[in-house]
Structure formats: structure tokens, C-alpha cells
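**Q** Structure incoming, see below.
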Ligand code: NDP
């Protein structure tokens, strides 16, 4: 079934409503772009690029809303955010269909993961601030003096999202931001922008004051203008390492706070005693879920020489359960890639792996598409899940983030060697271990250089778990108690009660 949803044009959302771009000297004031259904390559919605004056208006609307919102007691802010959680959950399927249309993810995924995990995080931070999560600390310095430290919101913050988890990213950023008392101007990726207005309207319906959450649209130039704006206090960015470097660099020049959630090339280490069936399940989740378009993908799968043949055999058997097809069919668990540009990038990597790296292709390939696709999907950006084996660390497909359903199997002979090779990358987003001896799993996981690690599972990222990359994969964390700290600054106050002001200028 091809989704037939009629979507009105999208315009910059600020001061509580979508507003046409005001004319300005910016050349982009009247430009538009389209959201494309990746399964059919057909346009589904027109989005109007925010002009510079519209971005200014969105920031000034946030600035006006900030004093009142930041001084609203946390428990009252939490009530509004809880209402938004209820609305999101009650409209889950409606929004999931929009996400399926925009991203190409199967409905079986968007309806059970994308909104659910976003709403969970909103609920978590609402609960956290309502129950003392923003409390500071106080201590008696001496009999006559106290110090108290309070957590203060930052002001107007920018959220910039990648295209792969649109509503989830928007919620993972806006939830702690708003709960802490900040206002936000959010820019979704131009590739998957549809969720943003939906979320802005949900917040408004929940009672969020106008101007606290605003949306601007456009490509990198819009993001760049937003993040450099002098009224932006913090930038929370999710995207590629190369873009993150630029954004963090310009933010540092202005002394803005940053959170950077960037790319990865994460290792899965299968231990010699692992249950191969389970290790294959984990490796498949780490490579083919969301068609491999997950930042924490475990694309380098280290398998002991002793298990390699069995691992490959089980994998070829289980890969038959990757089911591409009608995205609304709940049995479909594999969608197309998100865009034509991304399709070209991923297939180019697969071609490189075959013809230049000369890795052994176990299944899939750059010219392979899932078979039996319905005729109306034949123009979509589909690739088959692809596995290369007998890979070596110097291959380009092993070193660079592909961000598609491409698994590389790397055989190893000793565990020390596997750990050293797993860590031999400038990235450090995620890592995982599969094995029966839990003590050994802990020993290995302890040595892996990554901010998010799993033992005998892959991919779950609950609201309570603080996640963020090491090395070039990011700065700071999202979620968990520590996730709230990223949206506040401390103010320390020393109160002297001794009755005299300590001074060196007393009369001699
Ligand atoms: P990009 O870096 O291309 O884009 C991310 C966002 O930044 C987009 O909204 C983009 O706009 C915007 N942007 C581009 N240039 C600039 C600039 N100069 N200043 C400010 N903003 C800019 O990433 P992708 O969208 O391709 O996302 C995929 C990447 O995201 C992968 O590397 C993946 O690993 C990573 N990711 C990391 C996650 C994590 O938690 N660590 C989670 C999810 C994804 P536009 O695209 O509209 O042009």
C-alpha cells in the first residue's frame, strides 16, 4: 500500500504558528525544496526555506518567551511536557506514517520505535525536573558562611538534526532543553523535515507558551546562520563528524556551549565462546536495522577464526529474514535508503569494497536490489543487505562510515589482537561484545574505547542511559541524568553572615 497523505506546505514556525518567510535581502527567502518518499522517489511535501529574517524572527520569538518559561516552576513545566507525551502517544500511528513517508523506514519500525523512544525521553526529563533534577547543592563553608550552587538555564538554544531519526532526535534535544527552562530553535535535516511542524503543534496543544519551541527549515547555510547567531547560547548538533567539526569550531569562537552527537564505525567483538546464533542476531541488528542508517551501527564485526565458517553459514541463513517490501505491511522489516544522494554514496562504497578493496562478497552487492518489490516501489532507493568477509583493517569500507546495510566481517586469532584492532579508529561512538563468559565480556568491554557499549545485545538506548561518543564521535551526552546537565549552567553564591565584610582595607 502506498501512503497517500496530503501534507500542506511547511513554513518557518515561530511565535506559536507557521509563518511565511518574510522578505529579506537573503537570496533564499523564497526558495523551496521537497520531501521525497524514498520508497517511490516521489515528492510528498513542499518546504519553504527560512530566510535570514525569518530565522531572526524565530530566534527573537524564543528570546521573548525565555524569561517567563525559565521562571516557570519546574513542576509546572513538567505538567505541560507530560501533556505533550500523552498527545504524542495518542497520535503515535499518525506521526509514524509521516515518518515512514519521509524516511522510508517500515511502519513496523516507526510505529514501535521512533515516536515511542522520543516520547519516553520527554517523559523522563519531565519526571526528572519535577522531582528535583534541577536542584543545586548547598554547604556550610564555615559557621558564618554558606555556599549555594543553582542550575540556571542557558537561554535560546539551537537544535540541529540529522535525517536518520527525525522525531526522536527532535525530542532528545527539545525534551531536556525545555525541561531545564530554555527555549529552542530547531532545524531538522532538509532530507526529513516533516516531523518538525507536527512536534511544534503537539507542544502548542499541550500548552507550551508560544515561542518556546520554534522551527526553521533549510540546508547547511540555514544551520550555519542559526548556530553563529549571537543570541544562541548553545548548539546541540547531530550529524557527520565533518559537519560537527565546522559547527563546533564556529560555536567555540563565540564561547557557545555545544553537544556533538556524531558518526561512528563501531566494532562488534564476538568472543570465542559466543553462542553463534545469538552473535549473528546481534550483528544483524547492528547492521541492518533501519537499513543500516543508525549512528551506532556495529559495522566492523570481529569474529574468531575458529567461528568464522559457522558465523557465515548462520548469517546467510538468517539474512533471508530481512524482508523488504510494502512499508505499511507489518511484516516488512527493511526499507530503502533515505535519498537518491545517499543511495549513490552507499552503492559507491559497496562497489569500492568489491572492485578496489577486493573484500570477499558474501551476499548483496552494489547492483543488488531486494527481489519481489511491488511495481510501485521499483523507483525507490533500495539496496540489498550486503556482507563482506575476510576484510582487513586497511580497507576503505572498514575504515569509513558508510551508513548503510553493509557489514564487514574481520577474522581474528587472539582476543588482544581483536581489542587492539577494534580500538584502532579515530571514532568511538559504540562497541559491543557477545560471549557466554560474562566476566570476560566485562573485561573486553572495559577495554573498548567507546561511549556507548553493549554486552549480548545491540542498539537499545533507553531514556535513562546517558549516550555520547568518545574521540571524534562527539562531545557531551544525551539522555540520563547527565543529559540534563548539558542544558544548564551553574551559579555559585557565597553568603557571609558574620556581620562584618572581610576586608584588607580596614583602618590601621
Ligand atoms: P550532516 O552532518 O550532513 O547534517 C546534519 C545536520 O546539519 C543537517 O540538519 C544539516 O542540514 C546540517 N548542516 C549541514 N551543514 C551545516 C553547517 N555548516 N552548520 C550547521 N548545520 C549544518 O549529517 P546527516 O544528516 O547526513 O546525518 C548522518 C550522520 O549523522 C551520520 O554520520 C550519523 O552517524 C550521524 N548521527 C549521529 C548520531 C549520534 O547520536 N551520535 C545519531 C544520528 C546520526 P541539511 O542536511 O539539511 O543540509
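Glycine is no exception: its Cβ is also placed from the backbone N, Cα and C atoms.
Automatic prediction, not curation, is the source of TrEMBL annotations.
Quick paste of what TrEMBL says about this protein:
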type: ACT_SITE; residues: 261; note: active site
type: COMPBIAS; residues: 21-30; note: compositional bias 'Low complexity'
type: DOMAIN; residues: 28-492; note: domain 'Aldehyde dehydrogenase'
type: REGION; residues: 16-39; note: region 'Disordered'
**Q** Mind looking up the mean pLDDT for the domain 'Aldehyde dehydrogenase' (28-492) in the predicted model?
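**A** Across the residues of the domain 'Aldehyde dehydrogenase' (28-492) the model's pLDDT averages 97 on the 0 to 100 scale.
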**Q** Within its own chain, what residues at least 6 apart in sequence put their Cβ under 8 Å from the Cβ of residue 261 (active site), listed in sequence order?
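**A** Residue 261 (active site) has long-range Cβ partners 236, 237, 238, 239, 295, 468, 469, 474, 478.
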**Q** Where does residue 261 (active site) sit in DSSP terms: helix, strand, or coil?
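**A** Its secondary structure by DSSP: strand.
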